[in-house]
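What follows is a set of notes on a single structure, which appears directly below.
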């Protein structure tokens, strides 16, 4: 620190600061890819049986022994396999701690166990099933049509390119860029947390696929103008200029008007 | 242009100006470069160094143009080249500036100099000439002798801007009752907002609106109207279904919903942003612009934020074919409050 403090007023310090700022602006960003392996499953009686065991040991404390719901958790009769696959598959359930909303974390169960739990909950009452692969293939969707639907139905919470946004009292709409196609579909279908439900009459499976295609398209689009700053729009960009741009301007002004020793 | 120019007697001119003592110019302190030839040479080398750095920047720009070519429009190569060219250009221009400023600060003489402004008033001689010209013009034009000409000229100039006032009318018709009316009316079907010009309207069946659903709705045939987007800006509606037991329905508006399905204007009553952040568990509707929050279970009463009026509710019903329709237009005007909002009794129709 002493070294840093000593060099603070060095004539080169300004140049170094400026270079750091420039490099950060033009800095590289990582391209990510997500793969999804979803399938509409046929559940066997054994799946249901195994699922019930898992449910009783892991979920029943809050959701009740027969998934009828308790003060601490909603009833799960009729929520369907899609809801279980989404909530457990994204690690939101089992809930780590109570709070404004469930957090994403590494899933605690294997694909097979999640499928068994889905089978059990699906057996309790009719509800949306895990989507078929056909509707998860973003390459078959129409990103332009999906963009129209996204801006009408999703963008107010999730931001126009799905970067997420704040809701009331600590709740928030998550960033969608790294959510798998299957989980995007299931979220629309089941309306997790405070998200409204978009059933098949509202957005048809084909339209949901268009929405997925749009989300994939915008989140994988490279940014020609340097760092995206989270695609959060004018606030993030304004803050960057406010802190770094203005600081540079003030620094140069002070240096210009300072008397030489 | 007086003898005050180019004088700089440090601290000697202690005169009273407007009750304040003029402290004069602070004492001149010589710089290191003024007294030490070694420091002077050092500064000279430094400045030359900046100019050389600028040359390096220019060369770097040229070199990197070839070193980092754009490959097949690949975004990565475009970005790399941009960054490198930018680095070169920045070095080239910024270093020249730094060098010049350093030169001025360390080597060019910095002895303070006072340069007084000339007097604002012209010399008496100039003033006399100007007065003479004015008097001559007054005499030759006869403006003082011919009041008819003078007065008609003043009148002509005074009324000349009137036509401009007249053409303000062409800025558009007065809003009339358009702020009170939307496309909604008795029997107008609710259709889904497609986010683009649709091939055909998608009507909404009451049974399709399951609990927890939110539909973004526009009136049917909206895209056939003269100004669809203007109409949408007034008529956009959010349709939600809530467990009827959770709704605190005003008895006067008992039949405005259908079995827990309620429709509210999407246009914020604050400044007109689309209020559509619907939390289906808390039943709060949040406006993204200024965080006005409306409670859907209490007829969208404002529970937070700058909005002053609840969101207007659209009374809906189910028609013979099972589709949702409006019973009538909004009873309360939609959108931000305007001056004339209370000039009309809202209970007509």
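Just so it is clear, glycine is given a Cβ too, placed from its N, Cα and C backbone atoms.
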Could you check which of B:47-68, B:113-134, B:179-200 is flagged in TrEMBL as transmembrane segment?
B:47-68
Quick one: which of B:5-29, B:80-104 does TrEMBL have down as transmembrane segment?
B:80-104
Would you confirm whether the transmembrane segment (B:80-104) and the transmembrane segment (B:47-68) meet the contact rule of 3 or more C-beta pairs below 8 angstroms, pairs 6 or more apart in sequence?
yes
Apart from its near flanks, which chain residues at least 6 from the ends of the transmembrane segment (B:148-168) lie with a Cβ under 8 angstroms of it?
142
